[in-house]
Every structure is written in C-alpha cells, then in structure tokens.
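These features come from TrEMBL:
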TRANSMEM  26-46  transmembrane segment
TRANSMEM  53-74  transmembrane segment
TRANSMEM  80-98  transmembrane segment
TRANSMEM  132-151  transmembrane segment
TRANSMEM  172-193  transmembrane segment
TRANSMEM  199-219  transmembrane segment
TRANSMEM  253-277  transmembrane segment
Amino acid sequence: MKTMESVNDSETPLNDAAMKGSTRRMVMLEIAVYALIAVSSLASCFVGRQFALGISTATALILMIAIMGMWPLYSNVVDAVVGAIGGVIMIFATQLMVMDALPEIDQLDAAGRTFRAAAVAIYPTLLNSLYAIWAFALLLTLVVFVVAGFLQQMLRRNRTDMVRSMSHSLMLDVALVASSGWVLSPLLFRYIGTNVWGMHGPLVVVIVLAVAIVLFSGLSWASTRWWKDYVASMSVSSSVPVKHDRSHQSCAAMGLASVMCGGFVVFLALVALLFFVG
C-alpha cells in the first residue's frame, strides 16, 4: 500500500491551468451523467415496471462499480468491501420497495387483452411507508459504517490522522449508499406525471424541482472543493495511505461521488411532493 510520501514522488499537485481544466471536465461529466439519468428516468413513464426498475438499478450499480475502480482515498480493501456490500444491499432493497409501489402500466381489459395505461396513478399511502422504511434502512446502514470504521481505526497500531482516515472511508461509503436513491427516480417521475395535477400541484412541482436543481448544483460545487482539497493533500506528508491514481481518474471519481450523493436529493424531492401534494 502506498503512503502519501510515495504518491508525492510520482504525482505532484496540478498547476492552475491544469486544475481549472480538470475541474471543468469533472463538472461536464456530472452534467452528462445527470442528463443520462434524467432521460432514463423519464422513459420509466412509458415502459413497463420491470424495464424501468432495471434501468434505474443498472444505473446505480454502474455508478458504484465505476467509483470503486477510481476512488483515490480508501486505505485498504476492507473500506471498499464494507461500502460495496452496504451499497448493493441498499440498491436491491430499494428496488424491491419500489416494485411494490410502482404500478404496472400494462393493464388487462375486461376481455383479458393487454393495453398500455401510462397514466396509472401511484397510491400515496404506499409511498408514505416506502420513504419511512428507506430512511430507516439508510440510517441503519450509515450507523453500521460508522461503527465499522471506528473499530477499524481502533485496531490500527499507528492511530495518527485517525479522523482523516475515517472520513476518507466514510466519504466513499456514503456515496455508495446514496446511489440507491437513484433507484427511486422512476417512482418520482411517475408520481409527477400522474399524481400532482391538482389545484396547487404544478406550482409545488416547479418549486421542488427548482430546489432540487439548487441542491444538485451545490453538490457539484462541493465536488470541486473535494478535488481541490485532494490535489492539495498530495503535497502534504501524512501517515494516511492514499491510493495513487492518475489524476483524471481521481477527478472523475470525485465527480461521480457528487452524482451518487444526488440520490439523497431524489429521495427528498419525493418526500416533499408527498408532504405538500399528497
């Protein structure tokens, strides 16, 4: 395992021009991923339930695999394995919960023939139980991550920079778990398309989507700070092991972490619509 000193020998902080270029590419990557997710989620309003959930689940898993291969901060394989297990469990648990709440648009008529009913509404009562269970599962998973990370730090012989080392692993773990929120995106788009067109529904949707865009932008800004802090940390001696990686991969990983944390925004948007529209 390489230490920070060995990273300094092979990779130095980027100059200003390279830093600006890498930051710009990272933001463009985030926008592109958001656009692809939005298109695939919108398609869920017009395709069958199995296909819609398959797309959203595959998206979350692809994001998870991609960031696992590029993440520059975890210090050992235990961090990665714990985060991956928690992320996979949350993704497939969310898929099962959405399966119960998302109605199938292919319906049977009186003669037993299949027809496409794209405007099938979602029962808010099902969503109320879903978001409560999802929030509890998320909280429980995060508690497990914190306890596991703390125990791992306690078992280290050299406990210098303990808080920093733990924050490195938790940052990845939170991103992996947050990606499961994107599995809720078909539910959010279907709910907007069928349930909110009451007296104040359209106004609430506009406000919720505007707030969501602000939060996504905030996450994107945060990713630029993460990237700058990571580049700066490469010139500082530390006992915390940092996985050496090529700068463009590390930069992309920071951007993907931002997008994955956007899964929390999807969850909050769904909860807001349920609370203000019902």
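Along the chain as shown, residues are numbered 1 onward.
Backbone N, Cα and C define each Cβ position, glycine as well.
For the transmembrane segment (199-219), the neighbouring stretch richest in Cβ pairs under 8 Å, chosen from 26-46, 53-74, 80-98, 172-193, 253-277, is 253-277. Three or more CB pairs closer than 8 A are found between the transmembrane segment (53-74) and the transmembrane segment (172-193), so contact between the two stretches is assigned (pairs 6 or more residues apart). Touching of the transmembrane segment (253-277) and the transmembrane segment (26-46) is concluded from the presence of at least three CB pairs under 8 A, sequence neighbours closer than 6 excluded. Beyond its flanks by at least six residues, the transmembrane segment (132-151) meets 79, 82-83, 86, 89-90, 93-94, 97, 166, 169-170, 173-174, 177, 180, 184, 267 of its own chain at Cβ-Cβ distances under 8 Å.
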